[in-house]
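Here is the structure we will look at, set down as structure tokens.
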Amino acid sequence: MPLWLSGVTAFLIAFALAPHMRKVAIRLKFVDLPNERKIHRDPLPLLGGAALFAGVLAAFFLGFAWKDWLQTPYVGVVIGAAMLFGIGLLDDYFKTRGKDFSVSIRFVIQILAALLVPLFGGGIQGFTSPFGGHHFVGIPTVLSVLLTVLWIVGVTNVFNFLDGVDGLAAGIAAISATTLFFIALIKGDHASAWFAIAVAGAAVGFLRHNFYPARIIMGDAGSTVLGYLLAAIASVGAFKSATVISIGVPILALGVPIFDAVRVVLVRARAGKPVYKPDQNHVHHWLLRSGLSQVQTVTVVYLISACFSLASMIVLLLNR
């Protein structure tokens, strides 16, 4: 089955489902309420994450029915994504009522979802040494699981931080997923390529309805699932058996959310504020304050992300 079919399937499902989710959200009053931190001034329909996740699920089941190479570890990835979608939906519901959901419960679910990746055979298991015949150097299981969980939970949260401007998170997800798709192709990992292009397709399909002025937003149910899926694909594909140098490839592929989050966390820590407390110190907030419009801001961040992705591809190709 051609790999492009995964992306097209996810795109069509997300594109077609988003308007229906918008109507459902409006009918149920499942809307994101504006506040002093958020850019939008009117309530925006949530449930966009449902369209995104449905697109990825459709592509997964299509591949699962055709090829048994999707049985592991991506079954674990999909189960974990479903867990995060559920808890994200609950978090979004609390927001529609002007309340905050428990950070600790959300964090525990993220850890459990991340643990499913090594449990089903994925994760950061070692690296290929550049010395002595390029032999594989494994790392202890406990360390492997710890690194995998830290990576996945970290990226899941930094991607959630990024969802602050119309079209930003979906566009960055599409760029990062496309990069992981090409990395998987170069490494001959067709399962990861199938899954990565599904995420890219779903993100682009949803972006048509989420770009400024957004008619629907993805909410935590969408942004955390996107971050989780991208981190999981990287840990199953790009990180697995990476060389010492190419360990930086997936980090560069997800460069914008990672480096932006690191900078923001350092700023919050220096100011004595909780690192998980939202503020307006992200790169998109800076660009907006500098006078750029939402479209200009998103375009600039897209270009930065594309540069990171290009750098990751160059590092990988030079290190082959």
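A Cβ is built for glycine as well, from the same backbone N, Cα and C atoms used for every other residue.
Taking TrEMBL as the reference, the stretch among 72-91, 272-291 described by the feature transmembrane segment is residues 72-91. The Cβ of Asn160 (Mg(2+) binding site) has Asp220, Ser223, Thr224, Gly227 as same-chain neighbours under 8 Å, each 6 or more residues away in sequence.
Here the transmembrane segment (299-318) does not lie next to the transmembrane segment (136-155) in space: the count of CB pairs under 8 Å, restricted to residues six or more apart, is fewer than 3. Taking every listed stretch (6-25, 46-66, 103-124, 136-155, 221-239) in turn, the largest tally of C-beta pairs under 8 A with the transmembrane segment (72-91) is reached by 103-124. Between the transmembrane segment (46-66) and the stretches 6-25, 103-124, 167-186, 221-239, it is 6-25 that has the most C-beta pairs under 8 angstroms. Between the transmembrane segment (167-186) and the transmembrane segment (103-124) there are fewer than 3 Cβ pairs closer than 8 Å, counting only pairs 6 or more residues apart in sequence, which means the two stretches are not in contact. Within the same chain, the transmembrane segment (136-155) packs against the transmembrane segment (103-124): three or more Cβ pairs sit under 8 Å, each pair at least 6 residues apart.
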